[in-house]
């Protein structure tokens, strides 16, 4: 019949289990003190539940220990509209570099994923109502793994406008038009309030409407994927069997060549300071105005030299696809991963390619 105050000192046990234990003990509610104060919102149903940080938690404990009859009220959840800053990279989201290969930048992109509400059919009508309330025809679930469905929906939107686009063209449109700024017009941050890196947010957060007019796209072909398998060590015989083709692996084959796969971002797992410039190749396909010239702008990290050749690319009526090179030199940069971007601009178009380079 009382409210339980509990320290979340054993995170292996989920909040759902803690809530069920409190309910089983006939508690009126549960106040959970979380040391990190950074957990995602929690759907406790009609059972009163609240979560506070250590600072507030100690104040509650001090109050309990200094009063003979301490009392508390857990108020209903209140929506906070236009919370700032947003978006923020969740502290528990997946981080790069990729385990499979560091020569493809992962994650690709970020999307809304925390505290997303969805309507469901309640298992029991009583589950969807608090004490004394009439049950409704549906219940709510709150989840955190919603980034993928959001990107899927954005992809479907692009596909509905451009039915003939391939999946790689759609991915490129989403990635090159993503935003890296929050609703305070400042760079997106992570759970520690530090600026998020491409190994935390990829190229940024999706902007579905902007993706409908990307200007240029990076087409990743079937041959790109097959060459990726070669570079990653798969036997040619296996690749042929899987793809049902007579594909031949390139004569030169190594993990480093994966960086040359025609992807909307660039990742280099090893840039040796002593070897000068490393050249990465890319091709872009024009899906915007037929007669247009794009100019490149480089945002390079301190100490790293990044050159784009040519600096300008022109598309005419009969020219749909153009190649360019990006040269990286880390001889004057400090060791470790460095991040930057290359942006192709023309009229209303802005095509941004993020890069991650590990200097050794």
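Start at 1 and count along the chain as shown; that gives each residue its number.
Each Cβ is built from the backbone N, Cα and C atoms, and glycine gets one as well.
TrEMBL entries are annotated by machine, without manual review.
Marked as domain 'Peptidase S8/S53' by TrEMBL: 23-202.
Annotation comment: TrEMBL describes 260-357 as domain 'Subtilisin-like protease fibronectin type-III'. Per DSSP, the domain 'Subtilisin-like protease fibronectin type-III' (260-357) is made up of 4 helix, 61 strand, 33 coil.
Mean per-residue pLDDT, taken over the domain 'Subtilisin-like protease fibronectin type-III' (260-357), amounts to 96.
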